[in-house]
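**Student:** Before I ask anything, let me first share the structure, which is written out below as C-alpha cells.
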Amino acid sequence: MGMEGLLQNSTNFVLTGLITHPAFPGLLFAIVFSIFVVAITANLVMILLIHMDSRLHTPMYFLLSQLSIMDTIYICITVPKMLQDLLSKDKTISFLGCAVQIFLYLTLIGGEFFLLGLMAYDRYVAVCNPLRYPLLMNRRVCLFMVVGSWVGGSLDGFMLTPVTMSFPFCRSREINHFFCEIPAVLKLSCTDTSLYETLMYACCVLMLLIPLSVISVSYTHILLTVHRMNSAEGRRKAFATCSSHIMVVSVFYGAAFYTNVLPHSYHTPEKDKVVSAFYTILTPMLNPLIYSLRNKDVAAALRKVLGRCGSSQSIRVATVIRKG
C-alpha cells in the first residue's frame with residue numbers, strides 16, 4: 001500500500017491503558033509516576049557518575065552509560081503518554097504519534113538486545129584475555145559497538161513500522177494497550193495479517209537469538225576460565241564482575257522471551273500488557289539500581305560525589321555563619 005493508503009489511515013487511535021477502567025486512577029498514576037521519576041533519576045545519576053569519575057572511564061562503564069541513555073529514552077517513549085491518559089478523558093494518539101512510538105520502541109529494545117550482547121563480550125575479554133583487554137576494547141571498538149547497537153536496533157524499526165502502519169484499519173480504532181505495540185495495533189486491521197505476523201515473529205526471534213548467542217558463548221568461556229583458576233579471590237572477582245550483567249540480562253530477556261518466543265496460545269491482552277509494563281516501565285528502573293547496588297566502583301563513585309556535595313554545603317554554611 002502506497003501513500004494514498006497511509007493517508008486514508010491517518011486518523012487517531014484510542015489507547016485503553018494498562019487497566020481499562022481503573023478503580024483508583026490517581027493511585028495508579030502515583031505509582032507509575034514514582035517509578036518513572038526513580039528510573040529517570042537513577043539513569044541520569046549513573047550517566048553523570050561515569051562521566052565525572054575518572055576511575056569509571058573504562059570500556060565496561062562506557063557501555064553501561066550507553067545502556068542508561070537507552071533506558072532513559074526507552075521509558076520516555078511510553079510512560080509520559082500513559083500518565084497523561086490516566087488524568088485525561090481524551091486517550092487518543094495520532095496516526096503519526098503511533099508510528100513514531102512503534103519505531104522508537106523497536107529501535108530501543110533492539111538496541112538494548114545488541115548492547116547487552118556486546119557487554120557480555122566485554123566481560124569475556126576482561127576475564128579471559130585481561131592482558132589484551134586494552135587492545136581488544138579500545139575506544140574505537142567501543143564506539144563501533146555502540147553505533148552498531150543503535151543501527152542494529154533501528155533495522156527492526158525501519159522494516160516493521162512502515163509495513164505495520166500501511167495496513168487498512170477499518171475496525172475499531174481502540175488499541176487494547178497503553179502504547180502502540182505492533183500485535184495490539186494489528187488486531188485493528190481488517191485484512192489478513194497472519195503472513196506478516198509470521199515474518200515479524202521470525203525477525204524478532206532472530207534479533208533475540210543473535211545477541212543471546214554472543215552472551216551464551218561469552219559466558220561459557222568465562223565459566224571455563226573461572227573453573228581453571230586456582231585462586232579463590234580470582235574466582236570471586238570474576239563472578240563479581242559478571243553478576244550485575246547476568247541479572248540485567250535475565251530480567252530483560254525473560255520478558256522478551258515471553259513476548260517474542262512463546263506461541264500465541266499463551267498470550268492474552270491482559271498478560272501482554274503486564275509483561276510490556278514490566279520491561280518498558282520497571283526494567284529501565286531496575287537496570288541502574290542493580291548495577292549501583294552490586295558494583296563497588298559505582299557505589300564508591302556515588303559516595304565520593306555525595307561527600308563532595310556535603311563538604312561544599314558545610315563550607316557554605318560555615319561561611320554564612322562567619323559573615324553573620
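Cβ from N, Cα, C; glycine included.
It should be emphasised that the depicted structure is a prediction, and the values quoted were computed from it without experimental measurement.
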**Student:** Checking the topology in Swiss-Prot: do Arg123 and Thr225 fall on a common side of the membrane?
**Tutor:** yes
**Student:** Take the transmembrane segment (141-159) and find every residue of the same chain, 6 or more past its ends, with a Cβ under 8 Å from one of its Cβ atoms.
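**Tutor:** That would be 59, 62-63, 66, 102-115, 118, 203-204, 207.
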**Student:** Over all shown protein chains, what is the count of other CB atoms within 10 A of the CB belonging to Cys98 (disulfide bond)?
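**Tutor:** That number is 22.
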**Student:** Using a Cβ-Cβ cut-off of under 8 Å, list the residues of the same chain that are 6+ residues beyond the ends of the topological domain 'Cytoplasmic' (122-140) and lie near it.
**Tutor:** 59-60, 63, 217-219, 221-222, 225-226, 238, 241-242, 245
**Student:** When DSSP is mapped onto helix/strand/coil, what comes out for Cys190 (disulfide bond)?
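**Tutor:** Going by the DSSP assignment, Cys190 (disulfide bond) belongs to neither helix nor strand, so it counts as coil.
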